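According to TrEMBL, the features are:
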BINDING   Gly459, Pro460, Pro461, Gly462, Val463, Gly464, Lys465, Thr466  ATP binding site
REGION    723-744  region 'Disordered'
COMPBIAS  725-736  compositional bias 'Polar residues'
DOMAIN    779-963  domain 'Lon proteolytic'
ACT_SITE  Ser869  active site
ACT_SITE  Lys912  active site
Amino acid sequence: MLKLIASSRIHRMHPTLLRPAHDSASPLLRVFGSLGGLSRRNTDVGGRYFFCSDSGNGSDQVVDAGFQAAEESQSKASAIVPTYPRPEDYLTVLALPLIHRPLFPGFYMPVFVKDPKLLAALQESRERQAPYAGAFLLKDEAEADPSVISSSDTDKNVYDLKGKELFNRLHEVGTLAQISSIHGDQVILIGHRRLRITEMVSEDPLTVKVDHLKDKTYNKDDDIIKATSFEVISTLRDVLKTSSLWRDHVQTYTKHIGDFTYPRLADFGAAISGANKLQCQQVLEELDVYKRLKLTLELVKKEMEISKIQESIAKAIEEKISGEQRRYLLNEQLKAIKKELGLETDDKTALTGKFRERIEPKREKCPPHILQVIDEELAKLQLLEASSSEFSVTRNYLDWLTALPWGEYSDENFDVTRAQKILDEDHYGLTDVKERILEFIAVGKLRGTSQGKIICLSGPPGVGKTSIGRSVARALNRKFFRFSVGGLADVAEIKGHRRTYIGAMPGKMVQCLKNVGTSNPLVLIDEIDKLGRGHAGDPASALLELLDPEQNANFLDHYLDVPIDLSKVLFVCTANVVEMIPNPLLDRMEVVAIAGYITDEKMHIARDYLEKTTREACGIKPEQVEVTDAALLSLIENYCREAGVRNLQKHIEKIYRKIALQLVRQGEIIDATVCSAQSMEPMKDKVDSDELTLDTVQKENSELVEGSDTKKAGETCDAVEEVQTGLSSDQSQSLEVSKESEEDKDIETKTIEKVLVDKSNLTDFVGKPVFHAERIYDQTPVGVVMGLAWTAMGGSTLYIETTFVEEGEGKGTLHLTGQLGDVMKESAQIAHTVARAILLEKKPENPFFANSKLHLHVPAGATPKDGPSAGCTMTTSLLSLAMKKPVKKDLAMTGEVTLTGKILPIGGVKEKTIAARRSEVRTIIFPSANRRDFDELAPNVKEGLDVHFVDDYMQIFNLAFGDEQSQNIK
Ligand SMILES: Nc1ncnc2c1ncn2[C@@H]1O[C@H](COP(=O)(O)OP(=O)(O)OP(=O)(O)O)[C@@H](O)[C@H]1O
């Protein structure tokens, strides 16, 4: 009996539905039944068939229809009569070509019949109550790939195939299909059983003779078949877990399936799998049930893999989408809550409000072109999407623009007396530097403004260049900002990055203005001589734009992109070596040299500045410590001999740290003593009232404090206890206890015991002297002369040593060592020649230079040396060797010598003089041309020195080797 059940509505073209044959529960049904529990829903399986049941033994049933068109046509076609086609009635059938997939028994399939003759024949056979035809899959063209959908399949030419041609293209095995309905050119087919074409009967429409195929007989209880079918089922179940498409499908099946046999299971699996048409055809052609099941198993396994991949893709996408949506939703909620609470208006409005609020007080003083840019940017901000990257760029830009101190200036103070006071307060000595600064302030006072000049403080490290800069800022009442350009190689550091770069920032100058909050700070550019080469642009040129008073009134930072007036900024630069400053920069600077300090100055600095600040920093009171002059002197002479005072400062800090530790330790012991003394209180009260004294206790206690012995403290407490018991028993034994209060006072004063740092115990604080004296000879031997050198660290003394190596007739040579540079090597050769000439003149009979191999060395060998200023020293050293006569004691010299024996000027007179003093040199020889430099030195630097200025080497000769008389030429 045929029963129509219109249940599921399927909205796709090829959904698949299952239908039971009858209600007898088969083992297969039980397996699938366990998957039940899901409600029946509309099915959308994306398949190609409607499945209907066919018992396979001839009792066919038409089953469910879900496809709307099918359903409609079925309801209209009330003429559908359930039929059980007997094979003998359908030995000749109309051949219906299927393009996409074969029709499996038990499934619905809608097909379009374009051939009017075939359509009419189908219609007619339907009317004849014999609504059956043979549905056969169309073969691909010879070379076509079955998995590739070729357009030719759907082309009209496929429908145009007729007669023999069509016959040849049909697969042999097909399905006996009931024509369920015909709606226009759409024909709904229901598969019944397998057919095989035997021969063609007529061509148009194609009619063929067929054999009705039956599955090969099989053993229902065969283990292999059972196992395979169970595997098919379990794979289907697995797919079911992951694929919702299949779930509805199988559920429908479990609810309605009747006698679900193994062959039917195989057909079912193959039909609903996404396998290609040839694989499906293979299953259709297979009459061996076991083989068919195996083929199906392969297909459904593949399906499972696909569904797993599908699931993971779906999951990944879902996670991404849901994460983003969640964040968006939460953000929106947050905004709404803030808005509701009045905490925040709209993001943009709040931001704009903030920027407007910032700029409003500055509006008066702010240059109009800046205001215009700010207003434009604010308007732009309103139009931008808050999540866009340009929004954040504009927001940051406005942040910087509105934060700068447009038109804000600190009131400059041009009070020279006050400035002098401040400079003296911060620094000892440096009179010439201070004088230059005061002059500068005075000019500023008269002009009404101090800008226009760039001061460059040059000198060795630690001479106070940076701190002088800070003092000048204080004296002028300007804000202070320091930035170091040492190693700076990127122009963007000075001029900023363009706004378009990610993480773009304005340059140092704009950062400085934002930082200090005024437009006229004092900017200290440290280490300008160590400016990097620049891998992105030339930093020196960028600095030039920044420093040049002609250009900096309209300084253009790449980030801000609006001209900023830096003409009110006072620039102070510091450098160790002026020669290293790029020339165009140096040209614009007012160089103030700080040469370094002599011992006396260092003593003052240490005593009045460094010690004071360090003591305060360590929290030590002046009365708690005493560092003697001898200790300081020893510190300066033996530990910190460099030009600056930074090392001295470090040593003083080291001493004070140690003192602090001593004091704290002492304090702890005193605390313990006080505690022990307090334990005597009850006794004291009692004794006081009895006007008694206790000498023993007092004595013990004072010993305790001095000896810092805790053990004794315990003993003292015991003694007190004894006295107490004694008192209670016999008051006459407790005498002189009233002296206890005086004892208390003693303890107090002892807590602030003074720590004395003297020359003798200096090593306890700073260790052994690390500095080795520059002076290696007390009296220089023959061939050794002391020279004076200048380095970036200040001046220093050095020896030139010459020795005789061997004699060789007419082979006078000079071998040089001591890491000498080219200039110094040449200088040595010149000295050799000059010495030879002088010796020839003075002692013509002496052939020393002509016949001697000599070796000239300049210790220390590891330190590279260069420059021409040791020329006269080398000449003297060679002559000393030649004449076997040592030079005068405590003599040092410097000066370049020419081939004719002229002495040329040198640099670093102050540093060299200071170095000579440090090495306890008494007599110095300088070139005459340096007399002016020497005269400018402070009296305390020149004090006690016997200085000679010379033009010609002969003068040096006389001074070094001559008698007393000749040495008096100054
Ligand atoms: N004349 C002085 N009076 C008082 N203190 C001084 C004097 N000279 C230097 N100092 C102190 O020495 C320390 C080092 O000085 P500062 O850092 O200014 O040296 P600098 O010349 O800038 O060194 P660098 O070239 O290494 O930067 C500072 O604490 C400073 O106060």
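Keep in mind that glycine also has a Cβ here, set from the backbone N, Cα and C atoms.
Sequence features, as recorded in TrEMBL, placed on the structure.
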residue: Gly459; record: ATP binding site; CB count, 10 Å: 27
residue: Pro460; record: ATP binding site; CB count, 10 Å: 23
residue: Pro461; record: ATP binding site; CB count, 10 Å: 19
residue: Gly462; record: ATP binding site; CB count, 10 Å: 22
residue: Val463; record: ATP binding site; CB count, 10 Å: 28
residue: Gly464; record: ATP binding site; CB count, 10 Å: 25
residue: Lys465; record: ATP binding site; CB count, 10 Å: 26
residue: Thr466; record: ATP binding site; CB count, 10 Å: 18
residue: Ser869; record: active site; CB count, 10 Å: 26
residue: Lys912; record: active site; CB count, 10 Å: 30
Candidates near ligand 1 among the binding-site residues Pro460, Gly462, Val463, Gly464, Lys465, Thr466, judged by a Cβ under 6 angstroms: Gly462, Val463, Gly464, Lys465, Thr466
Rounded Cα-Cα span from Gly462 (ATP binding site) to Lys912 (active site), Å: 17
Between Gly462 (ATP binding site) and Ser869 (active site), the C-alpha gap once rounded to whole angstrom: 26
When distances run from the Cα of Ser869 (active site) to each of the binding-site residues Pro460, Val463, Gly464, the nearest one: Pro460
DSSP-derived structure type at Val463 (ATP binding site), helix or strand or else coil: coil
